[in-house]
Amino acid sequence: MYFSSFLALGALVQAAAATYFAPNSTGLRIQHGFETILIQPFGYDGFRVRAWPFRPPSGNEISFIYDPPIEGYEDTAHGMSYDTATTGTEPRTLRNGNIILRTTGWGGTTAGYRLSFYRVNDDGSETLLTNEYAPLKSLNPRYYYWPGPGAEFSAEFSFSATPDEQIYGTGTQQDHMINKKGSVIDMVNFNSYIPTPVFMSNKGYAFIWNMPAEGRMEFGTLRTRFTAASTTLVDYVIVAAQPGDYDTLQQRISALTGRAPAPPDFSLGYIQSKLRYENQTEVELLAQNFHDRNIPVSMIVIDYQSWAHQGDWALDPRLWPNVAQMSARVKNLTGAEMMASLWPSVADDSVNYAALQANGLLSATRDGPGTTDSWNGSYIRNYDSTNPSARKFLWSMLKKNYYDKGIKNFWIDQADGGALGEAYENNGQSTYIESIPFTLPNVNYAAGTQLSVGKLYPWAHQQAIEEGFRNATDTKEGSACDHVSLSRSGYIGSQRFCSMIWSGDTTSVWDTLAVQVASGLSAAATGWGWWTVDAGGFEVDSTVWWSGNIDTPEYRELYVRWLAWTTFLPFMRTHGSRTCYFQDAYTCANEPWSYGASNTPIIVSYIHLRYQLGAYLKSIFNQFHLTGRSIMRPLYMDFEKTDPKISQLVSSNSNYTTQQYMFGPRLLVSPVTLPNVTEWPVYLPQTGQNNTKPWTYWWTNETYAGGQVVKVPAPLQHIPVFHLGSREELLSGNVF
């Protein structure tokens, strides 16, 4: 069952290939003592497994996958269906396309029952992908325990692994890694940390832990383990493909979790933002400046505290007296759309607080309605995004106060769930506590507790905006987007929404820039194509004297490098909280002309280059929409089969794989992530092409052979970029 009827989508049945082995069952139900396991063929080359102890599920449990999938065999399982039941005393075999499930006992028929998953190779042989981890003298690989008196339980599910396995995806963490092998990842959202239990393995399978609960992912040497802190059902999916065929794995994942719609054209241009434009006059002067300087801009953003009170979900009329006039003037001067920030928090002095409280539309604490956080001296509670009525209330305010006045794009900041996810200032006290993550497990929602459904909150918040968009434009889910949202968090299948995810409030230093590259590649492997960053980083690092200061040459260099890199991201966006020696507005500047006379032409040249890449961008976004094919592409996606060095480089998380990537099928991007650089080393993979020198350096047109590290000129005005094939084809978008 879906969490909301909004997710209902008829299956788009894809004609199976002649060699496709249709499922030999609609499902197998195993009764194993107090435990029940339901295994169903799911989509192409996949199985869905659900397990529970004692009490059966209701069938209405929260799920992030389509049932039936967007693509799959026509007569496969759905809901809780099955055609075979067993007590677990007999071995069973199910097949779905190129994946096989076998059930086997160990240590005798009373010791347990293990599931094993195999891929059918092109030559007909079978390869073990993984099985339930059950060495001698160990806990059951499906381990349940009850930490409290209620019906919800905790679960730990363990699967076998090998030392040479490589793990890609898992959402985003600030860790310099694209291979997550060896990681322990807590599934708790906070600023710049979006753990999401979707991964691909170099062994030729992908895995989705289809659960809204907080928990943990562990990728050990011999064991992969997933835990759920509080649940009534364990639900996961495994899909198979041939080794190295990551496009097929992404197609399978997106067929289960959702395909991205096509973005509106304006979102692919340059997005201007800072903390913060304080009032209508500043925004109109900004638009006039872009117009007078003849610099293209596609969206201008109004950041937080533009409201009178938290939860008003309206611009403060004292600062923004005529919103419709402002948005029209911005449009007339620049052609740009507008976006405004909103937070999910509601202060008790908000005009909306009484109505939200009276109708049960706010999150609450376990022991009563109490407050869940504070901000700048006000007690606050988040609206309950898991409640459909709360989502409708939020959109009604946004439509009346923004959308109908010309601001039709929304920045859903602080959407991590639980609370704001940060304790900046505790009820107005003088002590400043910076970005301390906490889960607030005492928070309750309509859908459950923070422990049991906490990972749902940001996803449902994205859904609130999507539902509003679709109702306002009378369009169906999956159709092209007219507008966009921008979220600091997400979860399984967030790509189905017209919603960007950005990497959060990062610090303005070189190492943080480097970390963002790896973070974006993990986002891509998770299935999120709509990803971006704050160019220049968001906040000052207090240990680095020049960090974020637009008047220092040290920060200007970092900003130019960072901004150049965003040209080759799914979305090109600048934002940040800057410092300066000379301040002529409410906050320090962050516009293209703010970084010195010598740097302005460089910044503007990259903005123009972004628009020159428009046809290419539309082409790669269209493929992501149609098939789930990744936009940002870690090198293993394209070159693992043709270049034997790639696997070794990825295994060690070498900079040549964490700091460079393919942007679509033709561009190799290697951003400079160190200061004072005049040349930069780049690893050019072997492509398998007959062309002995397939790589062309963008700035010099010099060609290079693959399979080697080359050092190329990289002055401040040039980000290292190579292309395959002709530049003319690339710029025309004729690349597939």
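Placement of Cβ uses the backbone N, Cα and C atoms for every residue, glycine included.
Feature list (source: Swiss-Prot):
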ACT_SITE  ASP413  active site
ACT_SITE  ASP505  active site, proton donor
CARBOHYD  ASN24  N-linked glycosylation site
CARBOHYD  ASN279  N-linked glycosylation site
CARBOHYD  ASN332  N-linked glycosylation site
CARBOHYD  ASN376  N-linked glycosylation site
CARBOHYD  ASN471  N-linked glycosylation site
CARBOHYD  ASN655  N-linked glycosylation site
CARBOHYD  ASN676  N-linked glycosylation site
CARBOHYD  ASN690  N-linked glycosylation site
CARBOHYD  ASN701  N-linked glycosylation site
SIGNAL    1-18  signal peptide
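Take the glycosylation sites ASN471, ASN676: by the count of other Cβ atoms within 10 Å of each Cβ, the lowest one is ASN676. Summary for the glycosylation sites ASN332, ASN376, ASN655, ASN690, ASN701: the Cβ-based neighbour count within 10 Å is maximal at ASN655. When Cβ neighbours within 10 Å are tallied across all protein chains shown, the highest count among the glycosylation sites ASN24, ASN279 belongs to ASN279. ASN655 (N-linked glycosylation site) carries a helical DSSP state (H, G or I). For ASN655 (N-linked glycosylation site), the nearest neighbour among the recorded positions ASN279, ASP413, ASN471, judged by Cα separation, is ASP413.
ASN376 (N-linked glycosylation site) sits 37 Å from ASN332 (N-linked glycosylation site), taking the Cα positions as reference. Taking Cα separation as the measure, ASN279 (N-linked glycosylation site) is nearest to ASP413 of the recorded positions ASN24, ASP413, ASN471, ASN676, ASN690. Reduced to three states, the DSSP call for ASN701 (N-linked glycosylation site) is coil.
Of all the glycosylation sites in the record (ASN24, ASN471, ASN676, ASN690, ASN701), the one with the smallest CA separation from ASP505 (active site, proton donor) is ASN676.
Taking Cβ-Cβ distances under 8 Å and a sequence gap of 6 or more within the same chain, the neighbours of ASP413 (active site) are TYR304, SER341, LEU342, TRP343, LEU486, SER487, ARG488. Its Cβ taken as reference, ASP505 (active site, proton donor) is surrounded by 21 other Cβ atoms within 10 Å in the chains shown.
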